[in-house]
Ligand code: GBH
């Protein structure tokens, strides 16, 4: 896969360029916070492929100044990180984010915190976690505490990261923490996360915040064939990954057939949807790849690091004829154009400006030409969607650093900066220098 020799087209002035990370994946300093569901999960043998934990990770908690210097050198305008709820619960936990935000502001990098990126405090999990409606209320209380402390310097906020993946992997299939295997009984966890999002929007508004978004995981669903059984299965997958998480926010309703699976009486759901559809200022999308989906094949399948049980009403298939990343995910830049134009079509003027809150790939090595080709292709695909009329305001690369890649442990490297997990030494990769040059050319 060769990188396009032509320069990347010019993006509008004010377009937000950034990189993303999350607390549990980089911070370490596990003894300086309450335990989270991910600590319990990684302590259970067999859950994380290389048996590793995030107790130290990139040790960003102690090395944040070095990492902010890397951001400044890279020339990004914004940094998306996440606030660890279990850290905020422990004495002095907010002091860390206070220091980080100060450091970012001094470096001229805009802080864009995500308030929940999968690391639920274990104490809340023990009270039912996201299956318990009360967790949504606890979340809004925590959000109020965080914005009270950081709101004088932080103006742009993200409520949740990928409730879709947290529901699917964490609660339906159990390959991520908290490791529940509830299949379709996991849907209340989706509802309560969405409710938590809406309540958080209200808490942030009450604190005077005017720049709020969410980071939802989306991708086009490609049917395996035009056969009715494949089309039906693909339609259902699309509903679960895309519509289930975008419709309630943007249209104030669940897709048909799903509302019946949600907790509570229909009247309660209606009232919750009013909260969930509180207007956001922009809609964040994490994009990695499209998914090929067909009718169920009656057997378990391994896909993209996940085992899909046989009883699902669909099966995920391979996308052929494409380069794949180390993770096995296909590289399909035009899927991003297709996703964005499809969103603009489906949601029309209900769709606020869009920000790509994550896009990236896992490859080994410091001379990471494949990552350059991936990013180059996706940035051009994004520009094409904008030319087609989609209002996109920002693009964040996942990720600044190689980090703890959840159930894969340290085996997958998504960073622009290489991390040696023995010495914790940071080494900028070729893609880091490439992105710095792209950003300079953008002005
Ligand atoms: C994100 O999740 C997370 O927010 C982040 O924490 C994580 O580190 C990062 O991505 C990298 O994994 O059909 O085989 O092409 C991404 C969730 C689930 C997106 C699988 C891509 C497609 C796999 N992903 N999906 S495949």
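Numbers run from 1 along the shown chain.
Cβ atoms here come from the backbone N, Cα and C positions, even for glycine.
Annotated substrate binding site per TrEMBL: 25, 117, 161, 288, 398, 405, 406, in sequence order. Sequence-distant contacts of residue 25 (substrate binding site), defined by Cβ-Cβ distance under 8 angstroms and a gap of at least six in the same chain, are 54, 57, 58, 117, 399, 403, 404, 405, 406.
The feature active site, proton donor is assigned by TrEMBL to 162. Under DSSP, residue 162 (active site, proton donor) is assigned to coil, being neither helix nor strand in the three-state scheme.
Positions annotated as active site, nucleophile by TrEMBL: 358. Long-range Cβ contacts of residue 358 (active site, nucleophile) within its own chain (separation 6+, distance under 8 Å): 20, 215, 286, 287, 288, 396, 397, 398.
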DSSP-derived class (H/G/I helix, E/B strand, else coil) of residue 25 (substrate binding site): helix
Coarse DSSP state, helix versus strand versus coil, of residue 117 (substrate binding site): coil
